[in-house]
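**Student:** Let me begin by handing over the structure; questions about it come next.
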Amino acid sequence: VIQQGTATLRKAKKAAIKTCLDNPFVLEWKTIDGEDMHFILQTLEERIKHIGLKKVETPRMKKRSLTKKRTERKCNTSTSKLPKEQDAEGHRQKTGWTDASIRRQLAIGVNEVTKALEKDELLLLLVCKSAKPAMITSHLIQLSASRATPAGQVPRLSETIAPLLGLTSILALGFKKQSDKFTEAIAAIIPKIPALEVPWFQYTTEEAVDFAHAGSSENEEPEQLAEVLGDEFTSQKRKRLESNLSNVILQPMKIKKLVPNPNKIKKPPRKKKKAFS
């Protein structure tokens, strides 16, 4: 290809195309709206306030310029009152969670929830609708269905629960099988969670709902109820694996081609930081 205004001959570069297999299924969360959403948020809010679980952090000190630091050093050469006051403020509150044992009963955040689902440790999973992009939490649908764990997307989960726990945001919140402090809340929330629609995992929460009602009505200890809940979900998983093999429907395979940076937009050059003279 000979460009105008130049006498050199340049070969056009071939566009790099990557071929990969595409998922023929579209998996989406079933959003919980209306009275069920308010009930779930209210139940969690009351339970967390009753337990008093919260993360305490010391406020971060702002970075000061070199000129301010030099002036402060000159002023504080004779007396050392400022560092003593800062040490006293630092020892007023201990950083960290108020109760570490209760914190271990929860899986907070997408990474922690993913690891707990892979180990089949969760009884219930709640995901916030404000997670953007949706790809952050979409993989949890398949994991929850494969582990027979009730999971749902709750609007305003992060803005309601995160301030109570002393966090900025919560995109995913999981309750582990050993969570004796949240057993009653789990049994009350599970009936409000709609079943996940995954074509290769036909899982319904009808049996879990009936069991949750039965477990909440009986006078059982929280630890025993948590153990029975876990056994119930594992038995459901075995039944599902045995019964769903004959109902498998094959889907046509899809192949998509990806062209990285089709418009060839270059990144802006980085600005170099000026060294202090």
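Positions of Cβ are set from backbone N, Cα and C atoms, glycine also.
Features from TrEMBL:
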- 60-94: region 'Disordered' (REGION)
- 61-72: compositional bias 'Basic residues' (COMPBIAS)
- 82-92: compositional bias 'Basic and acidic residues' (COMPBIAS)
- 100-168: domain 'Ribosomal protein eL8/eL30/eS12/Gadd45' (DOMAIN)
- 258-277: region 'Disordered' (REGION)
- 264-277: compositional bias 'Basic residues' (COMPBIAS)
**Student:** Helix, strand, coil: count each for the residues of the domain 'Ribosomal protein eL8/eL30/eS12/Gadd45' (100-168), based on DSSP.
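**Tutor:** Breakdown, helix to coil: 34 helix, 14 strand, 21 coil.
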**Student:** Can you work out the mean pLDDT of the predicted model over the domain 'Ribosomal protein eL8/eL30/eS12/Gadd45' (100-168)?
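**Tutor:** Value for the domain 'Ribosomal protein eL8/eL30/eS12/Gadd45' (100-168), mean pLDDT as a whole number: 91.
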